[in-house]
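J.: Submitted below is the structure of interest, expressed as structure tokens.
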Amino acid sequence: MDSLHRLQEQEGYPRHNSTSSNGEPRLSYGSPGRGSAGGLANSFLVDSLRRSVDMPAYMQWQTLSTDVSLKLRQGSIRINKSNIVEWTSIDEHNEKTPLMDQSMDKEESIRYADINCNETTKPNDSSWKVGVFLLVNTALGAGILNYPAAYDRLGGIVISTLLQFGIVILLATTMLALIWSADLHQDTTYHDVLRSMGGKRAQQLAATSIMSTCFGVDVTFLIIIGDQFDRLFYTFIGHNFCETFWLSRTFTIIVTAVILIWPICYFKRLDFLRYLCMLGIFAMIYVVFLNVYEYYALEVVPGQIKTSPTSIIAAFASLPVICFAYQTHEIVLPVYSSLAKPRATNFIKSTIFSLILLLVIYNLGGSYGYITFGDKVKADIIQMYDAKDPVVASGIIALIIKMVSTYVPIMFCGRGALDGLYAEWFKLSTEQYIKGERVRRITITTLWNIFVLILAIVTPNITIAIETLGSLAACNVFVFPGICMVSLARRHLNGYYAKMNNDRRLLQNLEGTRTWRYIWNFSYFYGVFIIFFGIAMFVLVFVQVGIDITSVTTGGNESEFTCL
């Protein structure tokens, strides 16, 4: 253990050095204290490259939301039970020295108490209204750019709206299934509840799915950046801008990635990005505003407005785009545990209001964007607007900044998930994990960025990228919650009569055993339906992606001003 403590001090990890008056161990740091203002700036850069302060090791198992990550660092969301055992994803004979520091101040010592599944520590409890904001903030993303095109594939506004209502109802039930399943073992993360209800393999599959989603989101961000530069160049230079190498799509994506994004990907602190969080929400809301604004400002002849889908497979394959737009399941449990009163009734209010708000936002953006251009609408709705309009130019610039700033936290999340899975697959000890952290971080980050860049260059448009992300979203919002629902129903059905026989008073308070048995039987078959529904979408989407890639390859790019 002495060698482990020395390693922790060298890398800036916390170590035990005293105990509090009530016997709880205290943590302090092996790194020196603060100095002057100049020393602070230098220390920030050095610490960002060498230490982990603000992004806990378990962050990747928690959420994609920067808001929730901040709450985790402040301690307003309690650490779940498996994170005590799995600071390095390994059980080391009650080893509880955390590999990643949660403090916001290196000078002050923090208390590190044993936290079990029955304890709750929430210094900054939030209301259900804050839960609404967190859920909406997580869901709003790049999918809104592709929404008008999804309306075209789904068969028009009426069918798209009705399908959204159906999807939203299904998503609400799967979110509640996660909550009810988590209450059995006081789980506080998406992956913990899957481990409790589906076993270790289910947890690892979910982690792999989240990691793949992060990778796909980063690819989508680079594609969107290329789209926005193409739009600007096409407007201000002309249709022949593709003939100039340094204005080509490939060049602009590479330069943006290598110069603006890659250097900050090797940092381990995200303080400098937290102030751009609100910009992400603004940029996505601004897209909706643009769709409404341009409908009244533009004088264009729209294409055909469909009233039914031209292809059942294409329509069904567009459903995951809807799922991706509403995907918040990864942060459902952290948000639920952070509520001042973590009860199902409180969270139901957060769920209902957030889904209604998202439904209004997406319907406004999708409907206005579609009726403005009809079946002529492009995969990225921003490409349809004239960048000479200052209103449009402002939105394009905000989108580019948003994509650059959001790429990094998403990469952190995916990198951490891969790092944790690597530690489990190769059975790394705590000392091995700490010693090799820097090499793994640099290696994973480099390979991640290179492969993301390659895919962003060769992927024709965001429809293909978002469809692929939607297929993964189908697993995250249907398949895995469906597993939890089936397991929950089986446990209640198997143990129901035994509990009734042991507690006659409980039996007397129930309206009837048959009613509850019917409810759990329905839940069981509904969970099976949800699982197969998600699997079907996952498979059909990949079929549609293959069709889309073939059509783009043989028929050319659908955008007249996109350079490939």
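Any Cβ shown, glycine's included, is placed from N, Cα and C.
Sharing the feature lines straight out of TrEMBL:
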{"type": "COMPBIAS", "residues": "1-14", "note": "compositional bias 'Basic and acidic residues'"}
{"type": "DOMAIN", "residues": "126-492", "note": "domain 'Amino acid transporter transmembrane'"}
{"type": "REGION", "residues": "1-34", "note": "region 'Disordered'"}
{"type": "TRANSMEM", "residues": "130-150", "note": "transmembrane segment"}
{"type": "TRANSMEM", "residues": "162-184", "note": "transmembrane segment"}
{"type": "TRANSMEM", "residues": "205-226", "note": "transmembrane segment"}
{"type": "TRANSMEM", "residues": "246-265", "note": "transmembrane segment"}
{"type": "TRANSMEM", "residues": "272-296", "note": "transmembrane segment"}
{"type": "TRANSMEM", "residues": "308-326", "note": "transmembrane segment"}
{"type": "TRANSMEM", "residues": "347-371", "note": "transmembrane segment"}
{"type": "TRANSMEM", "residues": "391-418", "note": "transmembrane segment"}
{"type": "TRANSMEM", "residues": "439-458", "note": "transmembrane segment"}
{"type": "TRANSMEM", "residues": "464-489", "note": "transmembrane segment"}
{"type": "TRANSMEM", "residues": "524-547", "note": "transmembrane segment"}
J.: Residues sitting near the transmembrane segment (205-226): Cβ under 8 Å, six or more positions beyond its termini, same chain?
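T.: Distal contacts: 60-61, 64, 141-142, 145, 190-191, 194, 249, 252-253, 256-257, 330, 380, 399-400, 403-404, 406-407, 410-411, 413-414, 417-418, 420-421, 448, 451-453, 455-456, 459, 461-462, 465-466, 468-469, 472-473, 475-476, 480, 562.
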J.: State the non-local partners of the transmembrane segment (347-371) in its own chain: residues 6+ outside its ends, Cβ under 8 Å from one of its Cβ atoms.
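T.: For the transmembrane segment (347-371), the sequence-distant neighbours (Cβ-Cβ under 8 Å, at least 6 residues beyond its ends) are 128-129, 131-132, 135-136, 139-140, 144, 147-148, 150-152, 156-157, 160-161, 164-165, 168, 171-172, 175-176, 179, 285, 287-288, 291-292, 294-295, 302, 305, 325-326, 328, 335-336, 339, 377, 381, 384.
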J.: With Cβ distances under 8 Å as the criterion, find the stretch in 162-184, 246-265, 308-326, 464-489 that has the most pairs with the transmembrane segment (439-458).
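T.: Against the transmembrane segment (439-458), the leading stretch is 246-265.
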J.: Can you work out which residues elsewhere in the same chain, 6+ from the ends of the transmembrane segment (246-265), have a Cβ less than 8 Å from its Cβ atoms?
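T.: Same-chain contacts beyond the flanks: 222-223, 225-226, 229-230, 233, 237, 272-273, 400, 404, 407-408, 411, 445, 448-449, 452-453, 456-457, 562-564.
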